[in-house]
Amino acid sequence: MNAAPTVLQQQAQSLSEAVTQPIPGSRKIFVRGSRADLQVPMREIALTRTPTLFGGEENPPLSVYDTSGPYTDPRVAIDLAAGLAPLRAQWIAERGDTLALDGLSSSFGRGREHDARLDAVRFPARRLPRVARQGANVTQMHYARRGIITPEMEYVAIRENQRLEAVTDASLRKQHPGQAFGASIQQRITPEFVREEIARGRAILPNNINHPESEPMIIGRNFLTKINANIGNSAVSSGIAEEVEKLVWSIRWGGDTVMDLSTGKHIHETREWIIRNSPVPIGTVPIYQALEKVDGRAEELTWDIFRDTLIEQAEQGVDYFTIHAGVLLRYVPLTAKRVTGIVSRGGSIMAKWCLAHHKENFLYTHFEDICQIMKAYDVAFSLGDGLRPGCIADANDAAQFGELETLGELTKLAWQHDVQTMIEGPGHVPMQLIKENMDKQLRECGEAPFYTLGPLTTDIAPGYDHITSAIGAAMIGWFGTAMLCYVTPKEHLGLPNRQDVRDGIMAYKIAAHAADLAKGHPGAQVRDNALSKARFEFRWDDQFHLGLDPEKAKEFHDETLPKDAHKLAHFCSMCGPHFCSMKITQDVRDYANEHGVSEAQALSTGMQEKSAQFVAQGAQVYRAT
């Protein structure tokens, strides 16, 4: 390898400086668990004192869920060329059921490792992979079913609770009752509850043993609704440095997991850079890379090529694989009369292979072989919906639901091997058909976590599909979907840039939070209540900081009221100083307090005073000035 830093390493270092700013008004804190090395990160939002006019009380800081890793902690020196610290390495080693290999097992991986032409784009540090010992199963589901609470399970329990016990103000704890549609929402998440949910298959904790840098998180309908962000280069756009930047950008704004969907050059090297710098689980669609290995000719794919790809990616540390094993030969003709046919890339690849060979999908016939690989590294299944509808006209048809039934069959098979599994879902579905999708998934797949792309609720808004899909995402999240895959404004139009990623994440953070509110997730409303209180008290900076995107909120406010003095003003540019509803309400309260009457009496008295004033001035609707 070259001794001097490569151009890519230099780019990575400059990126390090661009993505390490703390989120405005916040600081990173850590909540310790039962052991010294179990430190759960959260974002603490500092709040200012209520103005004397409104009571003058202190407003304690508020802790919120944080996905940004060390990138928003100014105390941590970030070097993307070195990667993140291996947070979970000791926990993995302590279990004694894995061993470090002396090299890569994948033939493709070994070939890349010894190709000097790739030195310029290779991740600098060499790391030896781990694998389960002979006969061992190292999945979190396997441990859970044996009654073991792992450090990872304790970690996510602390994380899910978000220090709600520190919120003592009853007005902030106020929350509307939810409608959970049969979900087992807990008032407090315990490590034992986490273990039970994973053991039952109702939740997954995606943590490959070769991704020790990841901060444990959980996906399940009885936990906070999560979101996924997609990144990845293509043959015509983006490079490694840009994808690493998009990773860090995604998690800064709230991406709980990230899928690398790269299909262009250097897929292997791009993925290594991403995983080594990711504090969140990374997912992939292995068939994309397998297709590259046969120069894009789907009919030339083989089980051996795909198997080698799975091992290659598992040894890099991919946490979950999208596997399109439910695209069966008999389902392909059912798509013939669809408006948009098969729109899933993975689904179309496997459909073409099935038709070319007139054989059953080799991902289906080799499914138990895949399970053997998954449980040797603790890679979770994300069973792909290769026949998802690509327009609302095709929603809930025989092809889509036939595949879903097969995914239910495969889920039960994966569970026999203690392999963690979630199910991917649509797609394009009008609002009135969304609940049918959720109900059928719960029924067919034994309550395994549902992971949906939207769904988009209308097809008429290219350029705004982050909105059309967030509508469906909020609904299906409320009905029980555990993780929502974001859609950006560029959906159907092009590869998203950094701003598109941010817009998509914001739309989906809103949808996920709205779903948590509707389900009645404990503490979900605390942040809403805190922001509403700040808004009523004209604490502008607190309003910005409590929002999902503090920078955007401040930017919009400052377009019209940029001065520091405006941060203390009792109005904004929407209504101005004389028509602010909240200022008027406060005036009514002040009048009531001064005159010793109720607010209702104050309003009545005020109306009488204004009536007398109107008559005294001549009772004319319009007066000459």
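The backbone N, Cα and C atoms fix where each Cβ goes, and this holds for glycine too.
Model, not experiment: these values are computed from the prediction.
Feature list (source: Swiss-Prot):
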BINDING   Asn230, Met259, Tyr288, His324, Ser344, Arg345, Gly346, Asp385, Gly386, Leu387, Arg388, Glu424, Tyr451  substrate binding site
BINDING   His428, His492  Zn(2+) binding site
BINDING   Cys572, Cys575, Cys580  [4Fe-4S] cluster binding site
> If one measures from the C-alpha of Arg388 (substrate binding site) to the C-alpha of His428 (Zn(2+) binding site), what distance in angstrom results, rounded to a whole number?
Replying inline: 8
> Which three-state DSSP class does Tyr451 (substrate binding site) fall into?
Replying inline: strand
>> Radius 10 Å, atoms counted are CB only; among the binding-site residues Gly346, Gly386, which position scores highest?
In response: Gly386
>> Please report the three-state DSSP label of Asn230 (substrate binding site).
In response: strand
> Quick one, of the binding-site residues Tyr288, Tyr451, which Cβ has the fewest other Cβ within 10 Å?
Replying inline: Tyr288
> Where does Tyr288 (substrate binding site) sit in the DSSP three-state scheme?
Replying inline: helix
> Hey, does DSSP put His428 (Zn(2+) binding site) in a helix, a strand, or just coil?
Replying inline: strand
>> Between Arg388, His428, His492, which of the binding-site residues has its C-beta surrounded by the fewest other C-beta atoms within 10 Å?
In response: His492
> Counting distance between Cα atoms, which of the binding-site residues Tyr288, Gly346, Tyr451 is nearest His492 (Zn(2+) binding site)?
Replying inline: Gly346
>> I want to check the contact list for Ser344 (substrate binding site): same chain, sequence separation of six or more, C-beta distance under 8 angstroms. What comes out?
In response: His324, Gly384, Asp385, Gly386, Leu387, Arg388
> What Cα-Cα separation, expressed in whole Å, is found between Asn230 (substrate binding site) and His428 (Zn(2+) binding site)?
Replying inline: 18
> Taking Asn230, Met259, Tyr288, His324, Ser344, Arg345, Gly346, Asp385, Gly386, Leu387, Arg388, Glu424, Tyr451 as the record's substrate-binding set, what's the max Cα pairwise distance in Å, rounded to a whole number?
Replying inline: 20
> If you measure Tyr288 (substrate binding site) to His428 (Zn(2+) binding site) at Cα, how many Å is it?
Replying inline: 23
>> According to DSSP, does Gly346 (substrate binding site) sit in a helix, a strand, or coil?
In response: helix
>> In the three-state scheme derived from DSSP, which category covers Arg388 (substrate binding site)?
In response: coil
